[in-house]
Amino acid sequence: MILFFEYAIASGFEDEGILEEGKMMFNTLLNQFLEIDNVTSLIHKDFADDYKDFENLKIVEIEDDKDIEIKLNDILKNEKIDYALTIAPEDENILYNLTKIIEKYPVKNLGCSSNAIKVAGDKYLTYLTIKDYVKTPKTFKPKKYVIKKIDGCGGKFNLFDENFLIQEFVEGESLSVSLIVGKKIYPLSLNRQYIDERGFVGGEVNIKHRLKDEIFNEAIKAVKCIDGLNGYVGVDVIVNDEIYIIEINPRITTTIYGLKTEPSLAELLIKNANNEELTFKVEGKEFTINK
């Protein structure tokens, strides 16, 4: 039995853009997991009807997002779960806390460890951890900053608190690397990211690039800096004449919507959890997100 859920769908998240990305990731992996085994999933009552006709899927309905941790504990305590995977944001330690719950039980976590999430989920800790090993934009310690125009007048300024950090802007191509991390690190694909004023709005998966091997190598070097990364990991990079590591995402990313592997990504995650050698073929496609 596989326990698999996505936080936006489980919590009834109201932001349509976030929910759209959540559904893209959840539906992609859910269908793959169902080809392997029975699946139990936490799904908010507003979305449960969308999945009621799925065979071999047990739905645990959520009334309120405060119930998620309680229901997660109940399932792991009372059902025979072999593997568990949650897709959730790092914000407010959501992914960290859910992973800590999974780690209390004798199941195989298909995702990253809570210790790795603690580091990779914090942009400044990530910077401190990788800056001596890979090129990354100069980043200043989070504290209160005032930002104002050089020639401004009238006392106008913006004040940012300790929840923000200031980072050097690097011009270049916005790319990402999808990897599976275990006893070995397997690059799956190099991807182009579509980013505008709305944020991440899509991409092109498994692209060709003259620096592909070098980008893979830099991503692997960065991943090796953080203990406990496991399963699917996404690394954001900026490429110009050099390769800059921007962020390490210790979780499933929306890029998997455009990623097709043989065997499936779900099967690769399970093989990885069992310390098996991975061999695979990769195809990719372009996708967009409605925001």
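Glycine residues also receive a Cβ, built from the backbone N, Cα and C atoms like all the rest.
Noted in Swiss-Prot for the protein shown:
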| type | residues | note |
| --- | --- | --- |
| DOMAIN | 104-274 | domain 'ATP-grasp' |
| BINDING | 131-176 | ATP binding site |
| BINDING | Asp236, Glu247 | Mg(2+) 1 binding site |
| BINDING | Asp236, Glu247 | Mn(2+) 1 binding site |
| BINDING | Glu247, Asn249 | Mn(2+) 2 binding site |
| BINDING | Glu247, Asn249 | Mg(2+) 2 binding site |
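Projection of Swiss-Prot feature records onto the structure.
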residue: Lys131; record: ATP binding site; Cβ contacts under 8 Å, 6 or more apart: Thr139
residue: Pro137; record: ATP binding site; Cβ contacts under 8 Å, 6 or more apart: Gln167, Glu168, Phe169, Val170, Ile238, Tyr244, Ile246
residue: Lys143; record: ATP binding site; Cβ contacts under 8 Å, 6 or more apart: Glu162
residue: Glu173; record: ATP binding site; Cβ contacts under 8 Å, 6 or more apart: Arg192, Ile238, Val239, Asn240
residue: Asp236; record: Mg(2+) 1 binding site; Cβ contacts under 8 Å, 6 or more apart: Ser174, Leu175, Ser176, Gln193, Ile245, Ile246, Glu247, Ile248, Asn249
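Local packing around the Cβ, expressed as the count of other Cβ atoms within 10 angstroms, is greatest for Asn249 among the binding-site residues Gln167, Asn249. Counting every protein chain shown, 17 other Cβ atoms lie within 10 Å of the Cβ of Glu247 (Mg(2+) 1 binding site).
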